[in-house]
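J.: Shown below is the structure under consideration.
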Amino acid sequence: MTGLAPIDGVVVLAILAKALGYGAALLAMGGALFTLLFAKRAEESVLRLAQHLAVGAAIVGLAVLALRFGIRAARISGMGFEGATDPMMLGFVWDSPLGTAAIWRGIGELAILAILLPRVGHWIALAGSLAVAMSFAQVGHSLGEPRAALAVLPVLHLLAAAFWVGALLPLRKAALTPTGADLLHHFGNVAAYGVAVLILVGAALAWLLSGSVAALFGTAYGLVLLVKVVIVSALLGIASLNKLRLVPALRAEKRGATIVLRRSISIEMLAVVLILLATATLTSLTTPPINL
């Protein structure tokens with residue numbers, strides 16, 4: 001298939017590590033954003049979960065950074081897993097865009113740990129979230145042309161995605177609290193703007209990297225992207241169901257509404273995992289049609 005890289009054990013590990021890194025980054029950023037934006041609406045237990053989620057994800061993200069260096073060294077060395085610890089190969093990786101991205105992401109994830117500090121810690125974590133988002137503009141497709149658009153759009157896309165993904169676990173817990181229904185209703189209103197950003201920016205990126213509709217069906221990149229779009233569409237459908245039916249049912253204190261809503265949010269989480277795997281595959285195995 002056009003634009004598809006060879007697949008071996010190292011590549012599979014690279015995809016899994018990248019998906020884990022993406023997830024950790026989104027949860028770290030999202031936990032920080034949730035804590036800052038809903039500090040006055042969410043109950044203490046919900047905010048505490050969001051903070052712990054951000055810290056835990058940031059720590060996992062830092063560990064994955066080190067792992068991905070070894071995996072990248074193994075891929076470019078041609079020696080398989082033996083190349084993961086080769087000093088020369090690791091030096092090449094450090095001098096590459098991945099090294100630059102690692103600095104941005106490492107600093108950002110360390111800053112997110114400050115969310116446990118009172119007051120100023122939230123703003124330090126916010127700055128860290130921006131640094132993590134910026135790290136993704138230092139590698140991969142973002143280095144292509146038009147450079148400005150491909151640098152700014154992914155950052156916006158990631159921040160909007162992080163806002164949504166990082167809120168899922170806290171919102172699932174909030175459904176059990178007395179004020180949870182109002183928080184979920186308010187989140188749905190705010191998230192509508194985030195969804196608009198996700199759709200518009202995602203469509204712009206797909207067009208810039210594909211170049212044409214025909215390329216979506218004739219290349220590996222296009223087909224994997226279409227799979228991702230299908231999963232995202234399903235996720236948006238579930239989110240719409242939550243906003244229009246399940247959250248109103250919770251506010252009306254209908255019987256069983258809490259269980260149904262929490263189950264729906266769990267399905268959203270599963271969809272997010274599939275999207276992360278599709279995205280990692282997209283950026284690890286395929287080449288955008290504009291670069292073929």
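Easy rule for this one: first residue shown is 1, then count along the chain.
Note: Cβ is positioned from N, Cα and C throughout, glycine not excepted.
Take a look at what TrEMBL says about it:
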type	residues	note
DOMAIN	183-282	domain 'Copper resistance protein D'
TRANSMEM	20-39	transmembrane segment
TRANSMEM	51-71	transmembrane segment
TRANSMEM	149-169	transmembrane segment
TRANSMEM	190-209	transmembrane segment
TRANSMEM	221-244	transmembrane segment
TRANSMEM	265-285	transmembrane segment
J.: State the non-local partners of the transmembrane segment (149-169) in its own chain: residues 6+ outside its ends, Cβ under 8 Å from one of its Cβ atoms.
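T.: Distal contacts: 23, 25-34, 37, 49-50, 53-54, 129-130, 133-134, 136-137, 141-143, 187, 191, 194-195, 197-198, 201-202, 204-205, 208-209, 239, 265, 268-269, 272.
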J.: Using a Cβ cut-off under 8 Å, which residues of the same chain at least 6 positions beyond either end of the transmembrane segment (20-39) come close to it?
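T.: For the transmembrane segment (20-39), the sequence-distant neighbours (Cβ-Cβ under 8 Å, at least 6 residues beyond its ends) are 46-47, 50-58, 60-61, 64-65, 68, 105, 109, 112, 115, 122-123, 125-126, 128-129, 132-133, 135-136, 158-159, 161-167, 170, 183, 186-187, 190, 272-273, 276, 279-280.
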J.: Tally the residues of the domain 'Copper resistance protein D' (183-282) by DSSP class, grouping H, G and I as helix, E and B as strand, and everything else as coil.
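T.: Per-class counts: 91 helix, 0 strand, 9 coil.
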